[in-house]
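Per TrEMBL, the features are:
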- Asp49: active site (ACT_SITE)
- Cys52: active site, nucleophile (ACT_SITE)
- His262: active site (ACT_SITE)
- Glu237: site 'Linear diubiquitin binding' (SITE)
Amino acid sequence: YKLSVAPEMDIMEYCRKEWRGNTPVAKRMRKGYEAVAQKFASIRRVRGDNYCALRATLFQALSQATQLPSWLQSEDFTMLSENLLSKYDWIKQWQLKQKLGRKMGEISEEIKEYLILLRKKWKNISEIKGPIEKQQACDKLFKNEEEEYSLYEALKFLMLSTAIELYNDDKNGRRVPVFSWLLFARDTSSNPCQLMHNHLNHIGHSGGLEQVEMFLLAYALQYTIQVYRLYKYSTDEFITLYPNDPEEDWPVVTLITEDDRHYNIPVRMCQETML
């Protein structure tokens with residue numbers, strides 16, 4: 001098996017290898033990496049298929065998980081696919097990982113399996129006390145393609161469920177975060193059904209996550225995703241938070257991107273930062 005998240009490497013060594021030239025872009029990237037290196041010692045490369053934003057976020061969340069998030073504990077969690085399919089017939093067109101001979105009615109069962117797997121893995125990893133053992137458990141999970149891709153299906157379904165909730169809240173006059181308006185202001189996703197057809201169904205197949213979908217992922221997981229956007233070095237967008245006004249009690253995961261398309265993960269916070 002290929003490891004989806006490569007072993008760690010010194011962050012500045014990685015930068016020197018990747019950005020040798022003297023172009024303005026290379027100089028900016030090096031400055032960006034130097035800034036990240038003030039906080040983190042190492043980087044782990046994330047496999048670059050169209051799941052990389054989901055992969056980097058989930059890997060970071062699991063490797064620092066110490067408890068099961070409350071939304072994963074709720075009774076309704078594993079019933080999510082049945083509940084939503086009973087209300088929205090169009091979800092039958094959800095594009096699952098390619099499996100031969102699947103019948104239409106099995107979609108809710110299959111998503112349910114993925115959701116149960118997500119809860120189980122999160123629970124098991126969060127109960128591991130030692131940091132080295134926890135890291136080994138994460139590495140092992142991200143070497144198992146069958147399980148790993150099933151977890152991304154669960155995350156995508158959670159994003160759909162969150163989008164439906166936000167859309168309905170807005171229609172019923174409740175307050176919704178600004179990104180929710182932006183999400184549904186796109187011609188290609190003016191409602192959750194279009195969002196599913198034109199965006200979520202393509203994640204992992206023909207496209208990754210767009211900026212506004214990073215907000216949706218953060219909301220679905222109830223995590224703040226902090227991203228060092230290296231090409232934005234020396235602007236206010238160098239460190240971007242999804243969402244920009246995070247809830248106080250949401251845990252934070254940190255990612256690095258050079259272009260808003262591919263994400264890697266910084267690891268090993270430098271001692272001074274932790275104090």
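The backbone N, Cα and C atoms fix where each Cβ goes, glycine too.
Bear in mind that TrEMBL entries carry predicted annotations, made automatically and left uncurated.
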How big is the gap, in Å, between the Cα of His262 (active site) and that of Asp49 (active site), rounded to a whole number?
-> 8
Around the Cβ of Asp49 (active site), other Cβ atoms within 10 Å, all chains included, total 13
Euclidean distance between Cα atoms of Glu237 (site 'Linear diubiquitin binding') and the residue listed as 'active site, nucleophile', Å | 21
Any same-chain residues 6+ apart from Glu237 (site 'Linear diubiquitin binding') with CB under 8 Å of its CB? Would you list them in sequence order, or say none?
-> Arg229
